[in-house]
Structures are given as structure tokens and as C-alpha cells.
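Here is what Swiss-Prot records for this protein:
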- 37-57: transmembrane segment (TRANSMEM)
- 69-89: transmembrane segment (TRANSMEM)
- 223-243: transmembrane segment (TRANSMEM)
- 257-277: transmembrane segment (TRANSMEM)
- 307: active site, 4-aspartylphosphate intermediate (ACT_SITE)
- 344, 348, 375, 376, 377, 378, 379, 380, 381, 382, 393: ATP binding site (BINDING)
- 516, 520: Mg(2+) binding site (BINDING)
- 586-606: transmembrane segment (TRANSMEM)
- 614-634: transmembrane segment (TRANSMEM)
- 652-672: transmembrane segment (TRANSMEM)
């Protein structure tokens, strides 16, 4: 399955219509009180509405003006709740699909642990420790561990990956997930999770946001926004007193409009949507985070611990070079190795064919092959008899034995080539034509293409990369140098991983790592961001705070980028929101006092038509900017792999300066429309 997320259509009626309905439900003050900025906005909208109703009843006041202010204040609140509802709605479809996979499941519970007699019960009645029997064509009724048997399992309902996986008792492939289907054979499963707390249940709750808790950064930002709101509330009350002293009459409608336009309603209205959208982006990468805290931690990560096999390298030994002995050309060696590998279906054999035909441009036909010699554990070599030639390749000692060469007859250059390959972490394969030694094929665990560039990007972001491997230090150093990692941990045991993580954390660093085995569980639990593979054990998945449904270790890099994008988006829109207040200040303050203090007219740098037009234009802009920024909040600020200082400069220029300039233009255009339409 692709790691790239699909970008949802933000104008999809299936998302917008339910979100519009949910936006009205979220107007409940008991829900809005969790967002102080929007709660104050709703309170002001209700207050202005009350005075508008009184004006209509008594026939006094500026009813058209106060009615429009009331309407746009309500729109401000609605647009904020709509942004959150749209963000939540994008995960509803996947949650509904997951809920469908677990509905009406039944289980065949074993009557006796050692027997095969079963009784059928609803899956919801299963308890932790129960043993169930699942055969081909049946759905696994709950999360558990395979204790007996081996089976092919279709996990597409959970991972989206159509290729079946093997689940068997013991080892790191024993964990199974409720709602997945057994395709062949049978397994005996011990239930490890109570109904309602299964992996699918947790996914549904996380996707829908039902259990979403505010992250530490969100709490800190909410406190900042609440503080700003309180400061502006005190300022507006003080302004009312000053206006009374100067005989300037300021209505409740005007003061309410002033307060709402000055408090940071833009980021206040989009804050929840940004957090939900960050987790949703992970879901679209097929990664489930247990909390928003984990996503934020990914954005602050300083060090990545990456397993060598599968993450940095392919994990299969592949041919990388031909090293002929004196008197043999590289073409002759390549031809012999190619012929000896034509019938070899192992990854190593196919890689020799690919190297000879690709990089060396050799070609060979299977015609003329008299016999094929397959690889066996006893002989440790393979090859062909071709037109009277006996071509063999394999382990060095096996090929030397086949060739019948004594130590004195082995070329020194051959020994040096074998030693060179071994020292650099590779595997030497000898090639012989009868009793004639031709040379060595260098097999090595090939570094994935493009991985070095990815590590360079991470380094530019200030993130250290550490390769973890069980290889000896010489081999580890060679691969680390080729891959471009900053450090490596050789001959690593689970205890070594845990000790390394603790050492880094004691130095004030945040650590991210991935793993799939039970032996990885302590390190996954200790890491600030622990990503477990869906194909891993139950212990690993429970210890981690993220689960990768594609089981792709390389995805840890994308997870870090998504975390950074979340933090950047929140910071950028906060900067934009606060910068907006400057333009609104120049729009409203002169309008309030220009009749009493004509000298304040010089502050009307936008040349707004009238005091009422200026106030109404600022309120309208304040509401519309929330709608305009919803796509950015959901999609996220564009991420570039550069250093923190460069990112800060760029975002301050775009969102700080943009937050200053855009409201001037926007309020002026709205003022022209308001005055031309005679709305005040």
C-alpha cells in the first residue's frame, strides 16, 4: 500500500452537509466553554442579539447595524464550530468502515484448552484469556495471540493491504487483530483484550476524536489565548469608561464588536481543527496514534533510532561487484556467474543475474545447459553444467573444495578479495569453472536508494539519525558511512537500545524509534515516539504510542515530518491571528473616537467610509478569514526540510507580514461593498 496519503476533497457533500449540521450542535455553550475565545465570542453574539431584539421591540437604536453585527458574530462562532466539524468528519467514513468490520462477530470458544470441542458465542461475550478456534473463511473475533497453528490471514480490513500475512504461534508473528479473516488452515487464539478495548475499538475512538485530549502545546496555547482575551476584555471595559469621561457614547453592540475583533478568534476557531487534522493526516498515512501528544512529540524529535534491516537496507544480500583473480577478465567472471545463476531463484541468484545483465551488459542463453545443480545446505553451492564446463558459485570453502585446490594453489589476490569483502560487511561468493578459480562475487545488504538524501534532509532539520544493528562494528561502520547516518549502535541487544534511549533523554533529547518484536517493547515504551508495526507482537503494539498499519519502518521519517507540519501550522496561524489585530485596531479605534477627537482621523489610513462601516467591515472580515483558512488548517502549512531558524524566518515573513497586510486590503474591500450597498 502506498505511503502517500490521499488528499480529501474539502467540498465533498458527504463531508460538508454532516459538518454543517454538527456545527449547529456544537453551539451548545457546554461544549464551547472548552474553547474560551469562541465561548466569549458566542457570549458577545448572544448579548448583541438581545440588544437587537430590544431595539426592534422599542423601535430605538440602529437596528440595521446591530442586526448585522449580531448576525456576523454568530457566523464567526458557526465558522469556528464548522472548521472543527469538517476536521472530525473526514475521519468518520473510515471509522464507520472499521465499525462495520467488527459488527455481528461470533466466536467459537474452546470448551477445554487442550481439546477441539467448541461452542459458538457472540464475540462481545469473550473475556481475556479465553481460547477460540478460527478456521479458514472465518473472522477472528478479537485481539489475541496465536498459541497453536499457523494460518494465512487477510488484514486488509485494518491495514488496507491486500496481500495476506502469515500468523503463527511463537515468535514475532503471533499477534492477530479482531475483524481480520483467516484465509487458510486454522489457528487457536488466546484473547488478550476485552471487548470494547480492542485495537479496532481504539482506532474508531481515535479517528472520531471521541477520546481526544488536549495536548500540552494546545493547553499552553489555550492559556495564552485566554490571557489575551482577558486582557482585551479589560481593555474594552476600560475604553468604555474613558469614552464616558469624554462624553463619547459607545453602545454595547460597538464594544462587543471591538472585543471580538481584537481577541484571537482566528486561531481560537481553528485550534481544534488543526490538532484533529494532524492525527487525520497520520491516519491517511495508515498510522494510528494513541494521542495527539504522540503526534506533537514526533514534531519535536531530536534523534531517530532506525533499524538497519528493512529501514536503511533492503534486508536481502544483493550482488554489487565482480572481483576476478589475475588472468581472468571481469567479463569472463560475470559471464560465468550469470550462467551459474540462471536457474537460481533465490534473491541472491536473481541479483547476480541483474548485475551481470544490467551494469555489466552481459547476456546468456539457457540453451546448452546440460544439467542444473541446485543449492543444498550440505553442498552450499549451486551452478550448471554448460557445454562441457562445470560452472559453480557458492560459499568460499565449498567452491574451493569443489575445485580441489590446495592452500598453496589459491591465488593471494583471491584471498585478499575475500578478506576485503568480509571486512566491509559483505558476503563473498566464490566462482569456479571446474578446477579453475575465476574470482569473487561481492554480496552486500544494499542501502535503499535515496535514503542518504533523506538523512541529509533530517540533518538540515537538526535531527540526528542513529542506525541500530546486530552487525559487528566494522560492518556497521561501513553501512553507516554509506547510508550517511550520524551514529550507529553495533551488536545491539534490546537492553542496549533501552540504555541508549535513556542516555539521550537524560541529555534533553526526544527520541523516536520503531519496532515489532516483544524484545522491542521496553524501548518502544521508553521512547518519546514509539512506532510499532501492525505485523508485530501484541506487546510491541501496546508499548508503542503509534501503530503503522503498513508495517513499513521507513515511515518513521514521514511521521516526524507530519508532527513538524502540525506544530508549524499551529504556530503560523497563531502568528497570523495575532498580527491581524493590528489592522483591526486601525479600523475600529479611529471609528470610535473620530467624532470626539478629530485628530484621530489620521489613523484612518484605510480611508474607511464611516465609523459604522469600519466596525461592520472588521467584524465581517474577522468571520470570513476563519472560513478562508479552514483548508490551510486541514491540509497544513507546506513543510520544507530546512533548519528551524530558516523555517521561522520564512513563516514570520509569510504569516506575520501577511497577517499585517491582508486585513488592511480585506477590510477596505469589504468597506467598499458595505458602503456601495448602503448596508449602514
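The backbone N, Cα and C atoms fix where each Cβ goes, and this holds for glycine too.
Contact check: the transmembrane segment (586-606) against the transmembrane segment (652-672) gives at least three Cβ pairs closer than 8 Å, residues 6 or more apart, which meets the contact criterion. The Cβ of residue 344 (ATP binding site) has 350, 352, 353, 375, 382 as same-chain neighbours under 8 Å, each 6 or more residues away in sequence. In the three-state DSSP classification, residue 344 (ATP binding site) falls within coil.
When other Cβ atoms within 10 Å of the Cβ of residue 379 (ATP binding site) are tallied across all protein chains shown, the result is 17.
Secondary structure at residue 381 (ATP binding site), as computed by DSSP, is strand. In this structure the C-alpha atoms belonging to residue 520 (Mg(2+) binding site) and residue 381 (ATP binding site) are separated by 36 Å. In the three-state DSSP reading, residue 375 (ATP binding site) counts as coil. Long-range contacts of the transmembrane segment (223-243) within its own chain (CB-CB distance under 8 A, at least 6 residues past either end) are made by residues 36-37, 40, 249-250, 255, 258-259, 262-264, 267-268, 271, 578, 592-593. Cβ atoms under 8 Å from those of the transmembrane segment (69-89) belong to residues 10, 15-16, 18-20, 22-24, 26-27, 32, 35, 38, 41-42, 44-45, 48-49, 52, 208-209, 253, 256-257, 260, 265, 268-270, 272-274, 276-277, 280, 615-616, 619-620, 622-624, 626-627, 630, 633-634 of the same chain, restricted to positions at least 6 beyond its ends.
According to DSSP, the residue listed as 'active site, 4-aspartylphosphate intermediate' is assigned to a strand segment. Residue pair the residue listed as 'active site, 4-aspartylphosphate intermediate' / residue 516 (Mg(2+) binding site) shows a Cα separation of 11 Å. In this structure, 307 is the one among the recorded positions 307, 516, 520 with the smallest number of other Cβ atoms inside 10 Å of its Cβ. Rounded to a whole number, the distance between the Cα atoms of residue 516 (Mg(2+) binding site) and residue 393 (ATP binding site) is 35 Å.
Note: the CA-CA distance between residue 381 (ATP binding site) and residue 516 (Mg(2+) binding site) rounds to 33 Å.
Rounded to a whole value, the Cα-Cα separation of residue 516 (Mg(2+) binding site) and residue 379 (ATP binding site) is 35 Å. According to DSSP, residue 516 (Mg(2+) binding site) is assigned to coil rather than to any helix or strand.
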